[in-house]
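Listed in Swiss-Prot for this protein:
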BINDING   Asp38, Gly39, Glu40, Arg97, Gln98  ATP binding site
BINDING   His131  Mg(2+) 1 binding site
BINDING   Asp171  Mg(2+) 2 binding site
BINDING   Asp219  D-ribose 5-phosphate binding site
Amino acid sequence: MAGKMKLFSVTSERPLATKIADYLDIPLCEVELQKFSDGEVKINIEESIRGTNAYVVQSMNSNVNERLMELLIMVDALKRASVHSINIIMPYYGYARQDRKARSREPITAKLMANLIQRAGANRLITVDLHAAQIQGFFNIPIDHLSAIPLIGDYLIENYGEKDVVVVAPDHSGVVRARRIADRLNAPIAILNRKPRPHEDEIMSVIGDVKGKVAIVVDDIIDTGVRATTSADILLEKGAVEVIACATHSVMAGNATERLQNSNIKEVITSDSIDLPEDKQFDKLTTISIGRILGRAIEGVQENRSLHPLF
C-alpha cells in the first residue's frame, strides 16, 4: 500500500496529518513551502511521486484565504508531478456558511470553493461535518462526507451516559445533528427558538423540557463562542443543572477561548479538525481526534472498499 499512496500536509494540519500517517503506518512526504516578501507561496515536493495516489491534508482554518491558495498551489504541483490521483482531505471546509444567497447580490462562496478545487485538478474530496450537507452537490467529483458525531457520542456515553440528559439543537436547522447524538444517548431533544438579528441571534424560547437535566448543546462550529455561551445562559435559566457544548469544528476566533472558559459551560467538546495553537487551548476544552476515521477513509479509497461503515 505504501508504494501506491503518498500522504502530504501543507501547513494547516500537521498534527492531524501525523496521526493519520501513524494509523496508516506510512511517513508524511516532505514538502518545502516558501513564502516570498510579497506573500506569494512556492511549493516544492522533495521526492518523486509519479504514478502515485496523493492524499493532501489541509483544513481551511485560521487565514482561510491563505490556506486555500496553498492548497490550490499544492494541487497544481501534484498534477505537474504526474501523480495518478489527487485526493483532498479537508476536515473543515471553509466558506461553508456561504452556501446560498440569503439576500440579493450575495455570492455563493461555498460553490466557488468547489469550482476552484476541481479546476485546480483534485479528483476527490474527503471532509467532515459540512455546515450544509448540500455542499456535496456543488462538486462533480466524488465527495466522502464523514462525521465526528459518532466519536463525540461515544465520549458523551462514557462520561454522561448515567446522567439525566437532554440534547439541545441551538436552532431549528441543527435538529438532525442533535437527533443523531440523542439517539446514541437514548435521550430526548430540545430546540432553542432563535430570532435572527444582524450581529447576534436572540433566543426567544426553549422548545422541550430541560429542567433538572444535563443539557448537551450540539453544533457543527464554535466560532466566536457567543452562540454557545448565550445558549448555556438561557438553558440554565430554564432549569438545566449543567451545560455541555459540543461541536466538530473549533474555529475559536477572537477571544472565544476566554469567553468559553469564563462562561457557565461545564465542558467544551470538539475534534481536532482544526489544529488549535497553544494560546487557544483552555481548561474546559476536550479534544477528540478524528485521525483514525480519516485514516480508515483513506484506506477504503485506496483499496476500493466501501466507506459506508464510517457514515
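The backbone N, Cα and C atoms fix where each Cβ goes, and this holds for glycine too.
Looking only at other Cβ atoms within 10 Å, the busiest spot among the binding-site residues Asp38, Glu40, Asp171, Asp219 turns out to be Asp219. Counting every protein chain shown, the number of other Cβ atoms lying within 10 Å of the Cβ of His131 (Mg(2+) 1 binding site) is 20. Of the recorded residues, Asp171 (Mg(2+) 2 binding site) and Arg97 (ATP binding site) place their C-alpha atoms 15 Å from one another. Taking the Cβ of Gly39 (ATP binding site) as reference, no residue of its chain lies under 8 Å away while being at least six apart in sequence. Comparing the binding-site residues Arg97, Gln98 on other C-beta atoms within 10 angstroms of each C-beta gives the minimum for Arg97.
Close to the residue listed as 'Mg(2+) 1 binding site', meaning Cα to Cα within 10 A, are the following binding-site residues out of Asp38, Glu40, Arg97: Arg97.
Comparing C-alpha positions, Asp219 (D-ribose 5-phosphate binding site) sits nearest to Arg97 among the binding-site residues Asp38, Glu40, Arg97, Gln98. If you compare every pair of Cα atoms in Asp38, Gly39, Glu40, Arg97, Gln98, the residues listed for ATP, the longest distance is 30 angstrom.
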